[in-house]
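Enquirer: For reference, Swiss-Prot lists these features for the protein:
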type: SIGNAL; residues: 1-20; note: signal peptide
type: DOMAIN; residues: 81-135; note: domain 'Kazal-like'
type: DISULFID; residues: 87-119; note: disulfide bond
type: DISULFID; residues: 93-112; note: disulfide bond
type: DISULFID; residues: 101-133; note: disulfide bond
type: DOMAIN; residues: 175-210; note: domain 'EF-hand 1'
type: DOMAIN; residues: 211-246; note: domain 'EF-hand 2'
type: DISULFID; residues: 270-321; note: disulfide bond
type: DOMAIN; residues: 341-426; note: domain 'Ig-like 2'
type: DISULFID; residues: 362-413; note: disulfide bond
């Protein structure tokens, strides 16, 4: 008997010695494997060892496991109380990995675990010869599954670093693909391009992965990432499992140009493709758009396209798209917004006597710049051009010298661009003075009556001046009564020896009314243009100093200081400003429940092609922020924080070409002035500094020119803004004039161009600059301006006022005079003396 068991024991040792593991190489070492086979049931080794041990170590007279066979999953134990041999469920099985499925649907690491479970559950569990249980159950949660895959990548990465001598801190995304390629090559032991369950089993055994992966195993790769459910993993499925993204972008689509017409909707489609492409991220001016909940860019679509629901000029510019996490593959969309032409002609009608000169002008704006043409009575005038009939300023002006009766007609200006066509008619009547027609009468009344006048508010009341002949049309004295009231225009103050007026700011309301602030009387006067009389006084908060007419909403905004020391500044609004109704002010909603911190406000001015402005900004004293307001509801919307840029805003300018705000910042404690900030109105985000440009910004009416004035440096910088919203450097002008104010005037020699005139706060000259060429000229000897202490209402102690879209005249005051400049000839037209402190000037008229 003993010999028999000795033989069995020796055979057991031989069997154990023969069951070893294949030699591992560095990292994953398995190069081949034996296919997984199903073995017949036999007594587990741990149970055999127990029986042998019981035989070799006799346990006394009461019980022995020598002849006790307990069956699979159980072993023999001696009951400590009865000292008899009994069968009990095995405490544990020998660690080895040979996974099988039980008939109870559970997954087991080996046969022994099946039998042990049957014993513990007291039910019959057989081995099922398929792998269905490998893919059932939900013990492997998503977070654990992700951790398992990360661990596999880390293991492979260690080998990759060792073998390839790579830097472990290099880009994870770029390194992931070779790691997964190597891992798949190792898993695919038979190199057939597919990984099956047997190969996964061998990897688990080889790497002892079953000890480290908690509730997840390699079989979960087949469970969750076998995309076509063929119970094999191909390389593409491996890429999917480990999120190896292979993206492609055709070379000819790296830059895409898209054009849309204002008012339409637009779709920008990202051409980046690839299996498992992550969500597409869109940026504008390096600001991510996807999570901003924008009103007009609010649906990115399942395909990652960018949708703009209603295109405006603010949307023009560059947009970039890329797959999330893969910013190195990006597409740039150059988005151009086309705007149909909008035309204005001047004059609408005119009468001329034979032998004089007539001029018909046409101004057109659109994107791109429109091409102009002229018809006379419906027939193209180009074939009829001569010395007597010429086109000037790139076709924007018809010039007729020595007019004849046959020149009478309807002259139609036509503007065309890619987005559309517009036209308008300017009528010319050639008649001698003896045949005065109704058209002639109407034209003369329009030209010499209430329109095309400068209104000057000065110490001795209000003067209405016709600029061509420098004639007074009306003088409203301080003692004149308001129409229908007993109040005087400027009541005599007790401390004044003579009755005089104090004015601050004034605005033109649709050429119908002029609103003008009287800061020492805490009120606004309304001047009726038709009757040239003061018709109403509107009470305001103390010391109203700044007015702005919001044409989009027919509102006049009023900034009052509260006192000369600016102790309690407030904002008020007069609604229905152009209506023939009694007017009053209403307060705006306080920002942060604080009325007394308002230092200034900014509302963009509408243009010929952009007629509606929806938002404005409030500036608080010494605060690094812009407070956005809804002009329609007069309520606060949000705050744009400028602290990170260390900018306390002083003044703003706006261009509709790309929708940029340019912000000049207050000098810091060292006296250094930070560069201008640029804010994108689409996202309300700071997109950076405007290069190294500093100073007060001004933007031309067409939005194309940004002129920045830095008095400290004596520098005027001109930048050009393209129809794609690009900001380009143009030229610099060095001057010691100390610019007080700027006025833009359309060029008389070039269509679609502007000139600027700059008045001086200290000197007697006016600066002229032709923006298209950089040509500079000085108009000299305009006498000294008001002293700054005599004009406390703003920093512009010498105002300069243009005369509208077609006007050739500008007005600027000195201390005791008015100067009218001829912008067409770039020279002084006339001086009007005995006008003291006439620094409040308004133009009324179409010209």
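The count begins at 1 with the first shown residue.
Positions of Cβ are set from backbone N, Cα and C atoms, glycine also.
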Enquirer: Fill in the CA-CA distance, residue 270 (disulfide bond) to residue 362 (disulfide bond), as an integer in Å.
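Expert: Checking the Cα atoms of residue 270 (disulfide bond) and residue 362 (disulfide bond) gives a distance of 42 Å.
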Enquirer: Measure the Cβ-based neighbour count of residue 362 (disulfide bond), defined as the other Cβ atoms within 10 Å of its Cβ.
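Expert: Residue 362 (disulfide bond) is surrounded by 27 other Cβ atoms within 10 Å.
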Enquirer: Could you give the Cα-Cα distance between residue 362 (disulfide bond) and residue 321 (disulfide bond), in whole Å?
Expert: 42
Enquirer: Could you tell me which of these disulfide-bonded residues, 93, 321, has the greatest number of Cβ atoms within 10 Å of its own Cβ?
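Expert: Output for this query is 321.
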Enquirer: Report the same-chain neighbours of residue 87 (disulfide bond): residues 6+ apart in sequence with Cβ closer than 8 Å to its Cβ, ordered by sequence.
Expert: 68, 70, 71, 74, 75, 76, 77
Enquirer: Counting distance between Cα atoms, which of the disulfide-bonded residues 93, 112, 321, 413 is nearest residue 101 (disulfide bond)?
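Expert: Closest recorded candidate to residue 101 (disulfide bond) by Cα: 112.
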Enquirer: Just to verify a number: CA distance, residue 112 (disulfide bond) to residue 119 (disulfide bond), in angstrom, no decimals.
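Expert: That comes out at 11 Å between the alpha carbons.
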Enquirer: Quick check for the class: what is the C-alpha distance, in angstrom and rounded, between residue 321 (disulfide bond) and residue 413 (disulfide bond)?
Expert: 43
Enquirer: May I ask you to report the DSSP-based helix, strand or coil state of residue 93 (disulfide bond)?
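Expert: The residue in question, residue 93 (disulfide bond), is coil (DSSP, three-state).
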Enquirer: I need the CA-to-CA distance for residue 119 (disulfide bond) versus residue 93 (disulfide bond), whole Å please.
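Expert: Per the Cα atoms, residue 119 (disulfide bond) and residue 93 (disulfide bond) stand 13 Å apart.
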